[in-house]
Structure formats: C-alpha cells, structure tokens
C-alpha cells in the first residue's frame, strides 16, 4: 500500500493506466492524493467519499479508499473497497494485490493466494505479489510452492530483502536450517539494520539450541527497532531458560510497552510473576486478567477461577492446531468390537513426570486379553527408571519425536489404533496437530491438562462428577466420560522410602504444629497466603512448611510474611528430594493446606498416600476441584469445603484440636487401601469400560456423547 505522489506517479508505479472511463479529472485526483499522501486521512476519507458519489467506477478512487481504510485499521471496509476496485477493473494487478494483503491479514489465506496469483497473471513482473504469495505458502506449509514463488521474486528483484527472509523461513520449516541461516545472513548483508532478519535468525538459532547466538541476534533486532515487541518477548523466553527471571520480566515489560495488547507477553509475564510470588503486578492487572488468554491457556489457570473464560482460552489456544487441516475420516472396519482394542497413549513426557507417576500402574494393569496398549513418545525425554518402566508397561512403544505431526498421526493409523489418548492437553511440549490430523477414530483428552482443550478434534475427555459438576458442564467442549469415583489414577504400589526423617533433619521445630503446602509457588495467591498467616498468628509456635520452588518465591514469601506481622523464620522451605523420600518425609507435617485456583493434584495424591490429610477449598474450574475429588474418593469429604471462611475455620479447629486431627489421620491410614482412590485395579476396569463405551458408539455409527461409568 505504498504512497504515491499524484496520478502520474501512481500510473508509473503500476505500469498501467488507472484513469479509465469514469475517473475524476486530474485536479480532483491530485488534491485527493495529496491529502492521502500527507497522512490527512480523515480529510482524504471525506474527499474520496464525495468523489466516489460522482465517479463510482473509478478504480483509482476505490483502490485509494482501500488504502485509507487500511491505514485506519478498518480491514473490513478496506476489503470492500479493494473488491470494488477489482469489480470495476478485474485486470488491475495492484488492486488484486492490495485485496490479497488485507485478506491475508484477516486470515483468509486461500482467497489471498488467489488474489496474488491473479495479480501475477495480469502483471507477470510483479515481484511484490510473488513475494507475498511465497510468504503465504510458508504460513500454509506449502513449502515447495513457497520456494518457487520466492525465487521468482528474486529473479525480478535480486536484492529483495523481504524475499531472502521469507526463503529463510521456508527452509527453516523444511528442516534445512543451514540454508535458512544463509538466507537470513544474505538479508542482513543487504540491509544490516533490518530488524526482521535479525529476529528470524534469532528464532532459528534458539531452535538449534544456540542460545548465545540467539540472544545476540534478537538484541540486534531490538537495537535496530526498539519497539519490536516480538523480539523482546522471545528474548524473555530465552532468559527464562537460563533462569534469568528478572531479565525476562524486563523484556516482557518492553514487549508490552511496544504492544499493550500483546497477550502472549502479558500471560507469560504474569505467570512468571506468579512463580516468583511477586504479587503486586498481578493485583494491579486484576481488571485485565479476565480479558487475557487469547493465545494461551495454561498460564491463566492460577490467575482466574472461571471455567467459562478457561473454555474460551482453550478454544483460542487450540484453533491454530487445526488450521488448514481436515481430520482423517474413519469408518468401522469390522461390524463388531475387535478381540483387542488398540489404545494409544500419546505424550512428550515418557519419563519421571508427574503424569506418568499417576498412570504407569494403569498401563501395567490393562486387560491384555481385551486391549493392546501402545505408547507414542513425541518428546526426546529422559532415559530414567520411569522411562524403562513405561516402555515395559506397554505392548508396543513408538519413539516418534523426530516425525512431523501428520506423520505421527499416519503412524498411529498404520498401527490401527482404535482409541488415541492425549496426555498433554495445553501443557509444555503439546502437539495437538497430531489429533487434528486424526490419529484414531476415537480421540480422548486425559489427565495432563486440568480442563477442556477447546478442540473439536477430541471426542471425549475423562473427568468425574466432582471435577465437572452438572452446573459447569457447558464449559467443556468435549463429551465427558464420567468415572464413578475420581478421574485421577494412582499407583497403589508406589514405594515410600524406608529412610527415617526427623523434624530436625528438615529444620522443623519438634513440638510445633506444622502446616504444609508442597504445591508449586505459582499456585499460591495472596488470598490463601493471608489465611495461612492468620493461622500462624492464632496457633502459637506453628510454622508453615513450603516447597522451595525458586529463590525469588522464597524471598518474596518471607517478605509477605513480615508484612502480615509473622516472623520470616516461621516459613520453612523444603528442598527437592527424590519422590520416595518426599513421600516418607511428609509425615513430619500435621496438615496440608491446599491452594485455591489450582489445587494440589499429583501433590495431593502424594500427601494422601503418605498419610498426610489435605484441606482444600472447592472452586469453580476443573483445576480448582481436583483435590476435592481426591478427598471424596479417599473417604474424607469433610476436608473439601466450599468457602474460604470454612477453610480457615477448619484449619484452625484441626490445629487446636489434636484429637480430631488424630482421628482424621487414623481414618486416612485405614482408608488408604480400602477406598477407590488407590484401588488401581478397579480404576483400570472402570477406564476400560469408558473406552469400550466410546468405541461402541463409533461402531454403531453414533456421534460421541457423554458417558457415565457406573459401579
């Protein structure tokens, strides 16, 4: 949409006559274009509208009005104006090109590509159209076509910097990273201050694991363009990888200063500040938080307990996964259930990860007469003892991390997987496009992400009546397989270390009441922390035993305690140790105090398995109700309360009534192996019943629907 000085310059730039029949006389167009080119958009808009009433078939006026609307960020009106120009003059290459640019910005890539192709047809030497068509092909993943179009652009304009950058992007996506680097460097040689070239080089160096070079390239980008928000944000993400959180926060803030609506930067910044227990900026952003999450879902769970908004966030986060993809259509190969249903569990985390600690025993206990169990690992992971156990727990293990998403889906189809279970959701390392392509006729989201995926390519998610009560059902996009007790599996063979821990070993006072919370620091908010401080004030000599997540959180929580009038030395931090030893040391605590927006999940199961009672407050969202589900399943429903006031009152009652607490602990010890929470054998049968019911609907040609597993 480049500016032009007068009608003659416009004609020259286009290489074509634009003043066709019905065009205004030169003195009118010169005045109109002078207003436009001087940036007096409102005056130009009014003048153009007046001229169009008199000259409705002027391609110049329609095209120029499109540029005005585009400059005013009114893309719908810009589209209408460029369409009018094309209608008046179908062979106007520039109008086609301009229409393509607006459509591409609106996300209509198919029509945009048609516009660029038409522009090239009418003007074969149109380098800009070749370049934009190539860039669009890169975005769509049509990489070979992209390279052809972009090389055509270079033939017409050998020093076209944007085209070198786009070629770099194409070869990066092809996996030919050395060639991509060469193209980015060529762009930088031609234009050393091109921030976009440095930015893309930085992204690629980061992908290659060359973090130092990535930082240098991105820093050059922001030197040449200080308001380059995307570059500041990517720098922040790299700083986080080095645990340079202060530098990361500063870069996120610079990204936000450059673009106050940068959703990714806002969400990442606030999530990191939650990790650091740096609460003042989070409190200051309270009015903005409900609007955040247009591009991400995970980081918002601890900041906002609102299942309706979480669904919208998940839908937005899932949308790119299915862009330009049609799910493979399956039809029943046999009229009845095969002798063995092939079920595939998909994850990037086949190692000592919290999700795998929960589900490994279920994988081992699947009925091999009725099920064949596959594992699809698309993360490089860690070759630890849990990895070995997981490989042995499945019948066939597929290491597929080097394959593209569509190839993994094809591998699953080639293995005749009947049910695909994604254990990731919107967590780090997710690859939702596998399921957008269609890995199996029945696809289920389970366990890894505590909420809806918002993705229509998942037929089901697995939950229970506590985590998704009837009144919240509308906020989950999947059909729900409702387990009879708790949705969460557990390993009832988990070893607890034989090591004997003493309070002095952990720095705990011998005779004090020990409140504990081993949740990650990002789950702690000012609301529950204020309650904890009031409890310390009321229970003489008591202490709070927290998990040491990071040094920033430790320092900030000590400061917050002092603000509440509590000595910082009454906050004691537990160092990370092996899981079996952590299970053993938990008996030193008296009561586990849960967090609210995101409960203890695996951490709560750990506490209950180790004999430590958990007190929770039930929220609205899935993540805020998990501990309540666990407590119901272990026979301690009274420890799942509905209000903050009840939570505080019960904690105080248990801390000052040792007999009542002792009775609870005795019940937990008795219930541990007799209630559903740790009855892994029965759980395996229940989840298999869910798989059977879901697959039966597929065999019967019925659409997926909610499934209730009875007992």
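The backbone N, Cα and C atoms fix where each Cβ goes, glycine too.
No curator has checked TrEMBL annotations; they are predicted automatically.
Worth saying up front: this structure is predicted, and the values here are computed from it rather than measured.
Feature annotation from TrEMBL assigns repeat 'TPR' to 59-92 (among others). Sorting each residue of the repeat 'TPR' (59-92) by its DSSP state yields 27 helix, 0 strand, 7 coil.
If you look up TrEMBL, you'll see 93-126 (among others) marked as repeat 'TPR'. The DSSP breakdown of the repeat 'TPR' (93-126), given as helix, strand and coil counts, is 28 helix, 0 strand, 6 coil.
According to TrEMBL, the feature repeat 'TPR' maps to 127-160 (among others). Taking Cβ pairs closer than 8 Å, the repeat 'TPR' (127-160) reaches residues 93, 96-97, 100-101, 104, 109, 112-113, 116-117, 119-120, 166-167, 169-171, 173-174, 190, 324 in its own chain, all 6 or more past its ends.
The feature repeat 'TPR' is assigned by TrEMBL to 161-194 (among others). Through the fold, the repeat 'TPR' (161-194) approaches residues 127, 130-131, 134-135, 137-138, 141, 143, 146-147, 150-151, 153-154, 200-201, 203-204, 207-208, 224 of its own chain, all at least 6 residues removed from its boundaries and within a Cβ separation under 8 Å.
Break the repeat 'TPR' (195-228) down by DSSP state and the numbers are 27 helix, 0 strand, 7 coil. Per TrEMBL, repeat 'TPR' is recorded for 195-228 (among others).
For 229-262 (among others), the entry in TrEMBL reads repeat 'TPR'. When DSSP labels each residue, the repeat 'TPR' (229-262) comes out as 27 helix, 0 strand, 7 coil, counted as helix, strand and coil in that order.
Annotation comment: TrEMBL describes 330-488 (among others) as domain 'O-GlcNAc transferase C-terminal'.
The domain 'O-GlcNAc transferase C-terminal' annotation in TrEMBL covers 500-686 (among others). Each residue in the domain 'O-GlcNAc transferase C-terminal' (500-686) has a pLDDT score, and their mean in this model is 98.
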Surrounding residues of the repeat 'TPR' (229-262) on its own chain - C-beta under 8 Å, 6+ positions past either end: 195, 198-199, 202-203, 206, 211, 214-215, 218-219, 221-222, 268-269, 272-273, 275-276, 550, 552
Tally of residues which DSSP labels helix, strand or coil - the repeat 'TPR' (127-160): 28 helix, 0 strand, 6 coil
Spatial neighbours of the repeat 'TPR' (93-126) far in sequence, C-beta under 8 Å, 6+ residues away: 1, 14-16, 59, 62-63, 66-67, 70, 75, 78-79, 82-83, 85-86, 132-133, 136-137, 139-140, 156, 324
Remote residues contacting the repeat 'TPR' (195-228) - C-beta distance under 8 A, at least 6 residues beyond either end: 161-162, 164-165, 168-169, 172, 177, 180-181, 184-185, 187-188, 234-235, 238, 241-242, 254, 257-258
